[in-house]
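Chemist: Following this message is one structure expressed as structure tokens.
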Amino acid sequence: MARRVAGATATALVVLGVGACGSGAAAAGGDCAETYEIGLSHPVGEAAFVKALKREVQAQADRIGCVEMLFDDTQANDLESQRNTVETWVTQRVDAVVVLPVDAKALSPLQEQAQSSGIKWLTYATPGEGADGYTGFDNVLSGDLVGRAAADWITENQLGGRVTAAISSISALPDVRGRWTQPEQLIPAAGVEVVSLQDCADQTCGLEQAEVLLNAHPDLRVYIGANDDAALGALKAFESRGIDPGEVFIAGQDGNVEALKAVRAGGAYRLSAAIDMNDLARAIVQNSINAVTGTGETETEATVVPASLDDPARLDALIAQLGG
Amino acid sequence: MTEVLATSTRPTAAVPLRSGLLTGIDSIMPVATVGLMVFFAVRESAFLTADNLLLVALQSAPLMVVAVGAALLLMCGYIDLSVGSVIAVSGVCAGLTFNAAGVPAGVLVGLCVGLAFGVLNGLLIGYLGLSPIIVTLGVLAAGRGLAQVLSPDSLYGFPDAVLEFGSARVLGVANLVWIAVAVVALGGLVMAMLPVGRHIVAVGVNSRAAYLSGIPVRRLVFGMYALVGLLSAVGGLMIVSRLDSAPSGTLGAGLEISVLTAVLLGGIPYSGGKGHLWRVVLGVWLMGILTNGITLMNVSSQLSQVLTGLVLVLAAALEGIRSWLHRSSH
């Protein structure tokens with residue numbers, strides 16, 4: 001009996017183990033004179049946008065060729081997990097590390113160690129001190145797009161002083177603060193009080209936060225997510241409360257496919273400040289190679305565009321880009 | 001009720017003073033919870049309204065369901081740290097099935113997946129005697145990975161019945177709250193009325209003695225893990241029905257910590273062998289009102305973490321004092 005139990009459990013473990021090992025490091029082709037090993041570390045690996053980004057980076061690396069991508073599995077801004085992964089890459093002497101640090105200061109000794117070993121250190125999303133390159137997008141522009149659109153909507157509907165607004169933030173990532181500081185300035189300037197500015201970056205949190213806020217502020221009609229996941233959760237709260245979507249303005253940032261489809265469906269989710277995923281992914285790989293070879297551009301910013309029903313063709317193109 | 005078993009050999013002729021003292025000690029956590037509610041009510045007029053308190057109950061419902069299972073398991077002297085990932089895999093599998101084969105099939109698949117994970121934990125821990133912490137931490141990691149492999153992107157756009165169930169109310173109270181009430185009631189019934197309730201506590205007090213007295217310890221532990229797996233799946237389905245979405249990366253993420261916190265706040269020691277379900281319910285409620293009150297007060301993110309930590313440490317300290325005074329007064 002014990003042997004049978006052991007056999008069954010071992011089989012189950014193997015199944016689970018296989019499931020857990022599905023990382024996307026594809027080997028480069030055998031025809032390469034040199035293969036570049038690039039590690040990409042993002043602190044919020046659980047976010048839908050980041051998962052899509054990793055897939056696209058892998059696709060771009062395959063397209064460019066002679067590149068082996070390594071991805072970490074850091075989630076929920078876990079600094080220790082990020083540090084351990086990057087430290088491993090430095091130890092195995094990859095050619096380049098691209099990282100959005102949870103805490104740039106905490107990773108600076110690793111940066112020194114990497115660079116002194118000849119490894120190129122590039123940052124993602126925000127420029128880094130002493131880095132060999134940077135691939136990002138303009139978080140201030142992203143926040144500006146959603147904040148301005150909300151302010152325009154408020155003005156257009158003459159809602160100044162009649163409704164309230166909430167904004168979510170991700171304070172663990174201070175380098176992207178433009179996403180919430182911009183709307184925090186623009187919305188009050190349109191005459192609407194921001195009654196809540198609190199951390200939230202996933203759907204469950206967005207739902208629960210908006211539910212509580214709607215209880216306390218029944219006039220809440222504007223919700224700006226620091227990312228699309230938080231805004232999607234808030235959308236559910238407004239829907240389940242039966243509030244007329246025509247009275248509500250919800251916007252998120254990143255341009256994940258679920259959010260883009262919510263915008264496409266019409267209703268309360270009016271805008272996502274969408275990052276051009278192809279552009280971003282290609283730049284992550286190419287900037288790293290350029291840094292290693294010492295040729296070409298190493299600092300670029302991907303385009304951030306407003307994805308809304310004002311431009312359905314662009315919206316459809318962004319959805320198609322993400323395979324939606 | 002269950003503590004009675006653990007203390008049944010102690011003198012029963014307590015003097016009125018001691019009895020009064022113990023009653024007072026036992027009231028520490030409820031009084032602290034009420035105190036916190038009064039604080040929030042004074043600071044925020046929206047806090048102490050029926051709508052808001054019902055909302056706290058709704059938002060706490062998935063945690064409550066999982067915490068009941070985890071509480072019974074901890075009374076037995078065992079721990080399950082995999083619940084967050086079991087929620088994710090169950091929710092994702094249900095989500096994949098909702099669109100392919102309909103809602104009943106999705107619910108069934110979700111429950112079966114949760115049960116399967118519970119059975120796996122039960123086999124490894126109950127029958128093979130492996131470390132509960134190592135095994136369930138392993139399943140925590142593997143489960144999250146599996147959920148993300150099964151669905152790299154968010155699953156969404158389920159049949160209307162899913163969201164309708166998640167947002168429907170009966171007698172003004174959300175369906176999900178009724179599910180949590182039913183699970184708590186069943187858990188209470190098991191502990192108070194059925195022999196298995198006494199067996200759970202007996203195993204927690206001394207598993208060797210329990211075995212020698214004829215209690216099937218391995219089968220009981222196996223069954224308890226299976227139950228936690230099943231209840232995790234129920235919790236996962238509850239969250240999915242509220243979101244109308246099953247994001248594999250974040251569904252149930254970190255819930256194992258919330259469950260453990262609620263159960264420990266409920267006064268169940270790591271070693272097991274005693275505890276009351278109503279105190280666990282109080283622990284879940286305390287965490288719910290804390291999150292709710294902080295959101296209402298629009299406390300900054302950094303400060304809210306400090307406040308949450310302080311309140312939880314204070315609550316744990318009060319519970320520790322209660323346990324210590326309880327022990328020393330006998």
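Count begins at 1; order follows the chain as displayed.
Cβ coordinates come from backbone N, Cα and C, glycine included.
Automatic, uncurated: that is what TrEMBL annotation is.
The transmembrane segment feature in TrEMBL is assigned to B:20-41, B:53-75, B:87-120, B:127-150, B:170-196, B:217-239, B:251-270, B:277-297, B:303-325.
Neighbours and distances for these, please.
Modeler: Same-chain residues lying 6+ beyond the ends of the transmembrane segment (B:127-150) with a Cβ under 8 Å from its Cβ atoms: 78-82, 84-86, 88-89, 91-93, 96, 117, 120-121, 218, 222, 248-249, 251, 253, 256.
Long-range contacts of the transmembrane segment (B:217-239) within the same chain, counting only residues at least 6 positions beyond its ends with a Cβ under 8 Å from a Cβ of the stretch, are 61-63, 65-66, 68-70, 72-73, 76, 78, 80, 82-83, 86-91, 94, 107, 110-123, 125-127, 166, 176, 179, 183, 196, 199-200, 203, 207, 210-211, 251-252, 255.
With a threshold of 8 Å between CB atoms, the same-chain residues lying at least 6 positions outside the transmembrane segment (B:303-325) that come near it are 21-22, 25-26, 28-29, 32, 36, 261, 264-265, 267, 269, 283, 286-287, 290-291, 294.
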Chemist: Where else in the chain does the transmembrane segment (B:53-75) make close Cβ contacts, counting only residues six or more beyond its ends and a cut-off under 8 Å?
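Modeler: Beyond its ends, the transmembrane segment (B:53-75) has Cβ neighbours at 2, 83, 87, 172-174, 176-177, 179-180, 183-184, 187, 190-191, 200-201, 204, 224-225, 227-228, 230-232, 234-236, 238-239, 255, 258-260, 262-263, 266, 268, 270, 272-275, 277, 280-281, 283-285, 287-289, 291-292.
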Chemist: Any residues 6+ beyond the ends of the transmembrane segment (B:251-270) with a Cβ under 8 Å from its own?
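Modeler: Apart from its flanks, the transmembrane segment (B:251-270) reaches 29, 62-63, 66-67, 70-71, 74-75, 79-88, 91-92, 140, 144, 147, 232, 235-236, 239-240, 276-277, 279-284, 286-287, 312, 315-316, 319, 322-323.
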